[in-house]
Amino acid sequence: MAQPQTPLISSVPPSRTERRAAFVTAALLLVVFLSVLPFANVRLERLDVFLPIVATILFLTDLISATFLYAHFAILRTWPLRLLAGGYLFCALIIIPYALTFPGAFAPNGLFNAGLQTSPWLFTVWHMALPTTIIVYAIAWHFTPQRVVRGSVATAITADVCIVAAAVCVITWFLTAHENVVPRLIVTETDPAVFVTFVSAFMMMVAIAALLFIWFSQRSVLDLSLLIVALAWLFSSILVNLVDTRFDVAWYSNRVFAVVSDSLVLLVLLAESTMLYAGLALSALARQSERDSRLISMNVVSAAMAHEIRQPLTAIASNAGAGLNWINKVPPDLGRARRAYERIISDIDRVNEVIQSIRDIFSGSERPKTPINTNQIIRETVALTREETESRKIAIELDLNETIPTVLGHQGQLRQVLLNLVGNAIEAMRHTNGRSRLLRIKSEPDERGGIAVFVEDNGTGIAPENTERIFDVFFTTRSDGMGVGLAVCRSIVEAHGGTLSVARTGNEGSVFRITLPQSQHLETEASPTRVRTQDVR
Ligand code: ADP
């Protein structure tokens, strides 16, 4: 079965930085080891509290490493990971009887009726366990790299815990109950026996073997950290060899090297899981904001639709009612009814145009642009809003420059922009009292050869701090507003290569300015028209 591709340190090859970090760690370990060597046999004070502290640290680091490794095993389900995790678990558990049986640590002669040889032999078992685990792990990678453990992961881990705990119990029982049958590693409470030389030499060989095995089978970040562990373990084994008597520098440093070596894999695993967590949190955030922005886009589209078609739909409804009235009249006034229905048809066309233009804006699709006479659109807009401006007693002043060039664009979209600006102006003048309400629309050529259109009112004006915010989607100061009109207008104008901004604002109204560029290829065609218009004037 193919192995799942996961970004776990047990499957990802080391990067250059990680290799460099491993090299620096190895160099540091070597420096510390070499600096300890000259003082190896210096006797230090007996510190009974040292061993329980070191044993607790080792127990916890090995146990947490085993937990992490089993978590990796639960994902990848490979045999090498299971064996490595089991090995770390064994190391964690065997430290308990070692510390408990060590004379002076928890009881003067050690617990469990331990003999003199119990704790040195438990130490030997523990010291052999980790390099042996590394060797087994490397061999398992060689022979069963793709073999996946079948069945339930929970059952496999429970079985491992039981087997490892049973092995530790049996070894502890044997080394306490039959302490007298094992070769002597120690003669007094502090002095080692000669046999220790052989045992420690064997430990060194196992550590060297572990180093070589993992060196030749390096494939992941985990393997790289195990390489450093094996190196630290080798230094630690050499120090065992150098121990002259318990509590000398070699004895203390051996335990310190063990702590460093055991912590290495844990540190790498912790760093990795923190990075994975950060990565997950970031991608969850990214997904969330993607969802949010999709939601906002959908809201904007639906709000824009509702905003833009509300006006023509209202007109359709009132024209339909009027048409019916003219027909129901006795005698029916068919001429007026026909005109009402013609207005309905043209409003329906406008609704279609609005829907099409909103689709164009949000889908990014490009319909071909056509030459547009902006003054004509302004006049159409005024005609379409005449009913409202008249009912609200708004005077309209048009100042249209007939020399402005033709622009390329979408007639319906640009009309929509003007309808929005005029609609906003009408709204802004709702509370203008004590002076006549005036809507002024002006067109002129702009300084860059394009056109500028100004829509001016003498309504409420815009607070200075809002002059840019009013173009944000959903920004509104009106209780019945949707806050999409200006955002849509700006998108349309910018899609035409132009700009939409507030040109001036004050207590007595505001002015919006639209600029649109003149199309290059139209310039030559548009020029004669412009000249002719000027001539006429
Ligand atoms: P809406 O009209 O639904 O609020 P718009 O995007 O069209 O949405 O306008 C956003 C805001 O800009 C309005 O709520 C209003 O505060 C302000 N605004 C727009 N046009 C004018 C204007 N001519 N005079 C004063 N304020 C305006």
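Here, residue 1 is simply the first one shown, and the rest follow in order.
Cβ from N, Cα, C; glycine included.
Feature annotation from TrEMBL assigns transmembrane segment to 21-43 (among others).
Marked as transmembrane segment by TrEMBL: 49-71 (among others). Residues 10, 81-82, 84-86, 88-89, 91-92, 95-96, 98-99, 102, 104-106, 157, 160, 252, 255-256, 258-259, 262-263, 265-266, 269-270, 273 of the same chain sit 6 or more residues outside the transmembrane segment (49-71) yet have a Cβ under 8 Å from a Cβ within it.
Here the transmembrane segment (83-101) has long-range neighbours at 51-52, 55-56, 58-60, 62-63, 65-66, 69-70, 72-73, 110-112, 114, 118-119, 122-123, 125-126, 129-130, 132-134, 136-137, 140, 160-161, 163-165, 167-168, 171-172, 175-176, 226, 262, 265, meaning same-chain residues at least 6 beyond its ends whose C-beta is under 8 angstroms from one of its own. As annotated by TrEMBL, transmembrane segment applies to 83-101 (among others).
Per TrEMBL, transmembrane segment is recorded for 121-141 (among others).
Feature annotation from TrEMBL assigns transmembrane segment to 153-175 (among others).
The transmembrane segment annotation in TrEMBL covers 195-217 (among others).
Look at TrEMBL and you will find 224-243 (among others) tagged as transmembrane segment. Within the chain carrying the transmembrane segment (224-243), a Cβ under 8 angstroms from the stretch's Cβ atoms is held by residues 9, 14, 18-19, 22, 25-26, 29-30, 33, 36-37, 40-41, 84, 127, 130-131, 134, 137, 192, 196-197, 200-201, 203-204, 206-208, 210-211, 214-215, 218, 250-251, 253-254, 257-258, 260-262, 264-265, 268, all 6 or more beyond its ends.
Sequence-distant contacts of the transmembrane segment (263-286) (same chain, at least 6 residues past either end, Cβ-Cβ under 8 Å): 7-9, 25, 57, 61, 64-65, 68-69, 88, 221-222, 225-226, 228-229, 232. Annotation comment: TrEMBL describes 263-286 (among others) as transmembrane segment.
Here TrEMBL flags 304-520 as domain 'Histidine kinase'.
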Over the domain 'Histidine kinase' (304-520), work out the mean pLDDT and round it to an integer.
88
Within-chain partners of the transmembrane segment (195-217) [C-beta distance under 8 Å, separation at least 6 from its ends]
120, 124, 127-128, 130-132, 134-135, 137-139, 141-142, 183-186, 223, 226-227, 230-231, 233-234, 236-238, 240-241, 243
Same-chain residues at least 6 beyond the ends of the transmembrane segment (121-141) with a Cβ under 8 Å from one of its Cβ atoms are 79-80, 83-84, 86-88, 90-91, 94-95, 97-98, 101, 171-172, 175, 179, 182, 185, 199, 202-203, 206-207, 209-210, 213-214, 216-217, 219, 223, 226, 229-230, 233, 236-237, 240, 258, 261-262
